[in-house]
Amino acid sequence: MTDAHTAGPFIAAIDQGTTSSRCIVFDRDGRIVSVDQKEHEQIFPKPGWVEHNAAEIWTNVQEVVAGAVEKAGITRDDIKAIGITNQRETTLLWDKNTGEPVHNALVWQDTRTDALCKELGRNVGQDRFRRETGLPLASYFAGPKARWLLDNVEGLRERAEAGDILFGTMDTWVIWNLTGGVNGGKHVTDVTNASRTMLMNLHTMQWDDKIAESIGVPLAMLPEIRSSAEVYGEITGGKLGDLLGGIPVASALGDQQAALFGQTCFSEGEAKSTYGTGTFMLMNTGDKIINSYSGLLTTVGYQIGDQKPVYALEGSIAVTGSLVQWMRDQMGLIKSAAEIETLASSVEDNGGAYFVPAFSGLFAPYWRSDARGVIAGLTRYVTKAHIARAVLEATAWQTREITDAMTKDSGVELAALKVDGGMTSNNLLMQTLSDFLDAPVVRPMVAETTCLGAAYAAGLAVGFWTNTEDLRANWRRAAEWTPNMAAETRDREYKSWLKAVERTMGWIEDEE
């Protein structure tokens, strides 16, 4: 049941994430009223390949929405809109007549398109489409994943060209199903998700015909690109139709953009970093498309209705929270993720050990898919506690590399970093981050800023909140860490970290 002080109405948000789907109901102050969450299976058919079963995910989404509404003790009349945020780049093709996926979804971490990306960049290199899309050619993005499916699923290209197949990232799949599926479901995506396909032109905010043709993706299967905060349709049909029919589906943002929005980084130069499976840092660059020369991505931050789009610079780190999971599940060095803080705190420093978790190559600012993980600086002195500390430091050093790149590209020094995501409950990590960045690190009251961002955008779309100033007024600081490290120590350790990073590169030989 809802707390007495949280009288309705409410906004709900679906977060279709990498490891789970959840739904959170928020009140007008941006406070959490109820949460429901369900994990889905991670499918690893081959090394470097990662898939999800999209039908399982849609079933889970329906369950968590119903679950969150039930836990809140509310009905459809109390909910003004529902918003969506999602794992980005994860790619799905489905049959528009049956609603059945033609293959498992290819997840953002999946590297099977490496060779295809090399092929696409053959004469011109990684930056072939960067000017238009803001992205380097990398296995991370959705366009090449769609092409891989078209090339590898029998008869699929013909069906796609005939208009029987729909392409979507997870936002598109969820919206299509929520709004009726085979019975008139809306086939749309928002500008933030579209900006991660490598098929959208940042300057026109539309699909780029030339690039789609070069990558080999038929325009017929692409969704319509819409803003991040507008009513796309309403909940219709199926289990949720009975329960919540008629509620407007009113926002979509890729998870990292949603966190930027939820952290109320509405001014140029404001930045947030989300610490989850991977880590993603975004800096608002206003209406300027800043091309990065330091290995960052240029992406759409958000677009509210018919207002001008707001752009962002992004640095992505593939492995952070998942490194802690690896320590727990594969190495058995800890029993729970929370235990790593206790273990790492039992020593003063890393004992000279550095851990670079390039499990699926290095993301920003290097973009080296030939890199693999390395633990460097090992001696007999090093214990599992030192390794635990090196694991946490890896996240902090990788963040430092990204803030350096952002300053270089944008000319804006980082004044403070707003943080969110599961790993921010680790106080040792947050202090280390502040030490390595030499800047304050601030955590808000509501750590679920991804869902909050989707709720905020949906609420703006239906007039539940009037403007971004209303949203800023909701932001509350829960904790702040300030630097407490001598400059010479910081510089010396950063040099060692960079040496360890060099050791990871060139491990995988080109399979020519």
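Using the three backbone atoms N, Cα and C, a Cβ is placed for every residue, glycine included.
Remember, it's a predicted structure, so these values are computed and weren't measured experimentally.
Taken verbatim from Swiss-Prot:
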- THR18, ARG22, THR277, GLY321, GLY422, ASN426: ADP binding site (BINDING)
- THR18, ARG88, GLU89, TYR140, ASP255: sn-glycerol 3-phosphate binding site (BINDING)
- THR18, THR19, SER20, THR277, GLY321, GLN325, GLY422: ATP binding site (BINDING)
- ARG88, GLU89, TYR140, ASP255, GLN256: glycerol binding site (BINDING)
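Annotated features, which come from Swiss-Prot, shown on the structure.
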residue	record	Cβ contacts under 8 Å, 6 or more apart
THR18	ADP binding site	GLN87, THR90, VAL107, TRP108, GLN109, GLY276, THR277
THR19	ATP binding site	GLU39, HIS40, GLN42, THR277
SER20	ATP binding site	GLN37, LYS38, GLU39, HIS40, ASN60
ARG22	ADP binding site	ILE14, ASP15, VAL35, ASP36, GLN37, LYS38, VAL64, ALA68, CYS451
ARG88	sn-glycerol 3-phosphate binding site	TRP108, THR169, THR192, ASN193, ARG196, GLY254, ASP255, GLN256
TYR140	sn-glycerol 3-phosphate binding site	GLU89, TRP108, GLN109, SER316, PHE363
GLY321	ADP binding site	TYR275, GLY276, THR277, GLY278, THR279, ALA337, GLY421, GLY422, MET423
GLN325	ATP binding site	ALA337
Legend entry - Whole-number Å value of the largest CA-CA distance among THR18, ARG88, GLU89, TYR140, ASP255, listed as sn-glycerol 3-phosphate-binding: 15
Legend entry - Those residues of the chain, 6+ apart, with a Cβ under 8 Å from that of ASN426 (ADP binding site): ALA338, ILE340, GLU341, LEU392
Inset, instruction - Please work out which residue of GLN256, THR277 has the most C-beta neighbours within 10 angstroms of its C-beta, and give that one of the binding-site residues. - result: GLN256
Inset, instruction - Return the single residue from the binding-site residues list (GLU89, ASP255) that has the minimum number of other CB atoms within 10 Å. - result: GLU89
Legend entry - Other CB atoms within 10 A, centred on GLY422 (ADP binding site): 16
Legend entry - 8 Å Cβ shell about THR18, THR19, SER20, THR277, GLY321, GLN325, GLY422 centroid, ATP site members excluded: GLY17, GLY276, SER322
Legend entry - Where GLU89 (sn-glycerol 3-phosphate binding site) falls in three-state DSSP terms: coil
Inset, instruction - Please find which two of ARG88, GLU89, TYR140, ASP255, GLN256 have the most distant C-alpha atoms, given that the record lists them as binding glycerol, and give only that distance in angstrom, rounded to a whole number. - result: 15
Inset, instruction - Could you tell me which three-state DSSP class THR277 (ADP binding site) falls into? - result: coil
Inset, instruction - May I ask you to report the DSSP-based helix, strand or coil state of SER20 (ATP binding site)? - result: strand
Legend entry - For the glycerol site built from ARG88, GLU89, TYR140, ASP255, GLN256, further residues of that chain with CB within 8 A of the site's CB center: GLN87, THR90, TRP108, ARG196, GLY254, PHE280, SER316
Legend entry - DSSP-derived class (H/G/I helix, E/B strand, else coil) of ASN426 (ADP binding site): coil
Legend entry - For GLN256 (glycerol binding site), the three-state class that DSSP assigns: helix
